Amino acid sequence: MKHLHRFFSSDASGGIILIIAAILAMIMANSGATSGWYHDFLETPVQLRVGSLEINKNMLLWINDALMAVFFLLVGLEVKRELMQGSLASLRQAAFPVIAAIGGMIVPALLYLAFNYADPITREGWAIPAATDIAFALGVLALLGSRVPLALKIFLMALAIIDDLGAIIIIALFYTNDLSMASLGVAAVAIAVLAVLNLCGVRRTGVYILVGVVLWTAVLKSGVHATLAGVIVGFFIPLKEKHGRSPAKRLEHVLHPWVAYLILPLFAFANAGVSLQGVTLDGLTSILPLGIIAGLLIGKPLGISLFCWLALRLKLAHLPEGTTYQQIMAVGILCGIGFTMSIFIASLAFGSVDPELINWAKLGILVGSISSAVIGYSWLRVRLRPSV
């Protein structure tokens, strides 16, 4: 019991559980004895009906769209705190992750096109390596425990959120044909209500969560990635203390263990089970997976590092307090963990063309993401001194 308490008290425990869940998913998805059970679990239908409103999704989509909205709510709360009171409080500090994210989307896409521009079919997947899986990137960072400066963690969070917002915009503009304007209208009204609640000084967290559920439902029905709702709600919950209590900080404290020990491991288990059946070396070295691997493993860190260097040289932004440029470069490598968002874009790009292309894209995403995780973790482990 003492050892168990010590483990869960460790800053690295959440990351360790997430990695174990991902490995378990890979084993189960590729084992003849368990692959059927694994996929049956993910395809289990779950229906929610309130009056005429009906949401009918399988277990995988409930995990990715609903539970991960809670994770993004927590991320929104943490980034807001740093924007208002912490390491992103000045304009130049806040500009740094924005500039980094822009570079981290442009360069991987260009590198992918360098491999695939001549093929009009695979060319459609240009946005695949532009995405970052914030959950897995933060999970790998968590393995380093307390040696990670808070400012570096917040930089990764802010960068990944902007990256995700960019990916959502790309999906809406280039990969979505049937956006529901009515649902987007409801979402806009819900956001306006959240803003009014904040301006009027309403401090009951439950009211924001209730409006957030309406917002989440509207965003889900609109065809846009529903997890965006979590970030928006997090930004509107009041941070300012009154009588020694802050609604945002209190909710952040409540959500942390649920996200670290339930939501993120479940997310990893549901999404890491990529089948390796039929994988050959010839297929792996074809232009589609090679373009994705190059985009994630080379394009991401190159784009982030280059744009950060330019921002510093032109005095457009400052390094986060207590961090070094080498640490920023290592975080850039971690951002090459594209995984679930990249897989989602691949399914949109190739789903109506050739299912086999999705499998090769998944393989490229898997190789690029795992390589980025291992190299990024190793570099940071060398660059970060253990806390005393």
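Each residue, glycine too, has its Cβ placed from N, Cα and C.
The feature topological domain 'Cytoplasmic' is assigned by Swiss-Prot to 1-11 (among others).
According to Swiss-Prot, the feature transmembrane segment maps to 12-31 (among others), an assignment based on sequence analysis. Only residues 6 or more beyond the boundaries of the transmembrane segment (12-31), in the same chain, are considered here, and those with a CB under 8 A from a CB of the stretch are 37-39, 135-136, 138-145, 260-261, 264-266, 268-277.
Residues annotated as topological domain 'Periplasmic' in Swiss-Prot, with sequence analysis given as evidence: 32-58 (among others). Among residues of the same chain six or more beyond the topological domain 'Periplasmic' (32-58), those with a C-beta under 8 A of the stretch's C-beta atoms are 25, 65, 217, 220, 270, 273, 275.
Beyond the transmembrane segment (59-80), the same-chain residues lying 6 or more positions past its ends with a Cβ under 8 Å from any Cβ of the stretch are 41-46, 88, 134-135, 154, 157-158, 161, 212, 216, 220, 225-235, 237, 239, 248-249, 251-252, 255-256, 258-259, 263-264, 266-267, 270-271, 340. Taken from Swiss-Prot, the feature transmembrane segment covers 59-80 (among others), and the record attributes it to sequence analysis.
Remark: secondary structure over the topological domain 'Cytoplasmic' (81-96) totals 11 helix, 0 strand, 5 coil, with classes taken from DSSP. Marked as topological domain 'Cytoplasmic' by Swiss-Prot: 81-96 (among others).
Here Swiss-Prot flags 97-116 (among others) as transmembrane segment. Counting same-chain residues at least six beyond the ends of the transmembrane segment (97-116), those with a Cβ under 8 angstroms from any Cβ of the stretch are 88, 122-123, 125-130, 132, 155, 158-160, 162-163, 166-167, 287-288, 290-292, 294-296, 298-300, 302-308, 310-311, 316-317, 328, 332, 335.
Taken from Swiss-Prot, the feature topological domain 'Periplasmic' covers 117-122 (among others). For the topological domain 'Periplasmic' (117-122), the residues of the chain that approach it from at least six positions outside its boundaries are 287-288, 291, 350, 353-354, 357, judged by C-beta separation under 8 angstroms.
What Swiss-Prot lists as transmembrane segment is 123-130 (among others).
Nonlocal intrachain contacts for the topological domain 'Cytoplasmic' (131-154), taken as residues 6+ away from its ends with a CB within less than 8 angstroms of a stretch CB, comprise 10-12, 14-16, 18-19, 22, 68, 71, 75, 78-79, 82, 86-88, 104, 160-161, 163-164, 167, 260, 264, 267-268, 300, 320-323, 327-328, 331, 334-342, 344-345, 369, 373, 376-377, 380-381, 384-387. The topological domain 'Cytoplasmic' feature in Swiss-Prot is assigned to 131-154 (among others); the stated evidence is sequence analysis.
Beyond the transmembrane segment (155-176), the same-chain residues lying 6 or more positions past its ends with a Cβ under 8 Å from any Cβ of the stretch are 72, 75-76, 78-79, 82, 87-88, 94, 96-98, 100-102, 104-105, 127, 130-132, 134, 137-138, 141, 223-225, 227-228, 231, 304, 320, 323, 328, 331, 334-335, 341, 344-345, 348-349. The transmembrane segment annotation in Swiss-Prot covers 155-176 (among others) and is backed by sequence analysis.
Per-residue pLDDT, averaged across the topological domain 'Periplasmic' (177-180), gives 77. The topological domain 'Periplasmic' annotation in Swiss-Prot covers 177-180 (among others) and rests on sequence analysis.
Residues annotated as transmembrane segment in Swiss-Prot, with sequence analysis given as evidence: 181-200 (among others).
Tertiary proximity for the topological domain 'Cytoplasmic' (201-204) is limited to same-chain residues at least six positions away from its ends with a CB under 8 Å from its CB atoms, namely 238, 242, 247. If you look up Swiss-Prot, you'll see 201-204 (among others) marked as topological domain 'Cytoplasmic'.
Feature annotation from Swiss-Prot assigns transmembrane segment to 205-222 (among others); the stated evidence is sequence analysis.
What Swiss-Prot lists as transmembrane segment is 224-236 (among others).
Here the topological domain 'Cytoplasmic' (237-253) has Cβ contacts under 8 Å with residues 73-74, 77-78, 80-81, 84-85, 198, 201-205, 208 of the same chain, all six or more residues outside its ends. Look at Swiss-Prot and you will find 237-253 (among others) tagged as topological domain 'Cytoplasmic', backed by sequence analysis.
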Same-chain residues at least 6 beyond the ends of the topological domain 'Periplasmic' (351-357) whose Cβ lies under 8 Å from its Cβ atoms: 121-122, 124-125, 288
Residue counts (helix, strand, coil, in that order) that DSSP gives for the topological domain 'Periplasmic' (351-357): 3 helix, 0 strand, 4 coil
For the transmembrane segment (287-310), sequence-distant contacts whose Cβ falls under 8 Å of one of its Cβ atoms, 6 or more beyond its ends: 96, 99-116, 119, 122, 125, 128-130, 132, 159, 316-317, 325, 328-329, 331-333, 335-338, 342, 357, 360-361, 363-365, 367-369, 371-372, 375
For the transmembrane segment (205-222), sequence-distant contacts whose Cβ falls under 8 Å of one of its Cβ atoms, 6 or more beyond its ends: 53, 55, 65-66, 69, 73, 179-180, 183-184, 186-187, 190-191, 193-194, 197, 228-230, 232-233, 236-237, 247, 250-251
Cβ-Cβ under 8 Å with the topological domain 'Periplasmic' (273-286): same-chain residues at least 6 beyond its ends: 25-26, 28-30, 35, 38-39, 42, 359-360, 362-364, 366-367
